[in-house]
């Protein structure tokens, strides 16, 4: 129609536009090959390079943001898991007569702390305690391998990449450093100081770590996205459950029972810290005037237990039931 209106006189036709086929798939994108002023040249539709993710226009863009508070809390939770397990198995296998437990606890803390610092330092930007990251938008960002498109239902276009860079892989790097440092430091330490244990028992905490590190790795690989959204609630529930189990197993029924042994106070305050960590993660401290008062609820479960323990003692319930008959 345009050519009919122009007739034989001729008119300026619009320049040809290179229309590329649509980029299918939720996470497939085109990489930027070159930039000439405001004009960008794109490659074929495919997987984005590491450290990039697709924007709304299916173009691979470099991650230039930094983790927010919730992201750091998630990384802190994943960093705490091996440390808490180290402490648990050290305490489990040390025995009551061993004086080496405290030093092993400190060594485990040192190993995990050094591993965390080194992991952050080697992350982009290298040598800085800051991290360049992509923003997590939804749960599917953690499982891009499930969204590779098949345009003809035969050929699959593989677009799997770390859309949540580096929150997924940085945990694996941290676990690797934890394992290496443990194997370098702990056997020599245990061999020298664990005099109160037999030869077969002194290395059991290390053997336990050789089991739980692969389990943690699989947990992150399969459930990393689920843990990202659920870890605050898991932390609150587990901290409440383990505290009640510990106080029940230790026959703690009053405040006086807590003051008898310093170890009980250490366990109590450790659980309070975990509980507070969970509350902060849930609230994200978006509104300080509303969220900070929630921390006053941290001692509430322990206080409730101590106030009601004497009324739920099994021996008392059995005796009162016997008297009733």
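Placed from the backbone N, Cα and C atoms, the Cβ positions cover glycine too.
Some features that TrEMBL has for this protein:
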- 72-90: transmembrane segment (TRANSMEM)
- 102-122: transmembrane segment (TRANSMEM)
- 165-185: transmembrane segment (TRANSMEM)
- 206-227: transmembrane segment (TRANSMEM)
- 233-252: transmembrane segment (TRANSMEM)
- 264-280: transmembrane segment (TRANSMEM)
- 292-309: transmembrane segment (TRANSMEM)
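Counting Cβ pairs under 8 Å to the transmembrane segment (233-252), the stretch among 72-90, 102-122, 165-185, 206-227, 264-280 with the most such contacts is 264-280.
Of the two recorded stretches, the transmembrane segment (165-185) lies close to the transmembrane segment (72-90), with three or more CB pairs under 8 Å once pairs fewer than 6 apart in sequence are set aside. The stretch from 72-90, 102-122, 264-280, 292-309 with the most CB pairs below 8 A to the transmembrane segment (206-227) is 72-90. Below 8 angstroms of C-beta separation, residues 240, 243-244, 247, 252-255, 258, 268, 271-272, 275-276, 279-280, 283, 285 of the same chain, each at least six residues beyond the ends of the transmembrane segment (292-309), sit close to that stretch. Here the transmembrane segment (264-280) has Cβ contacts under 8 Å with residues 73, 76-77, 232-236, 238-240, 242-243, 246, 250, 252, 257-258, 291, 294-295, 297-299, 301-302 of the same chain, all six or more residues outside its ends.
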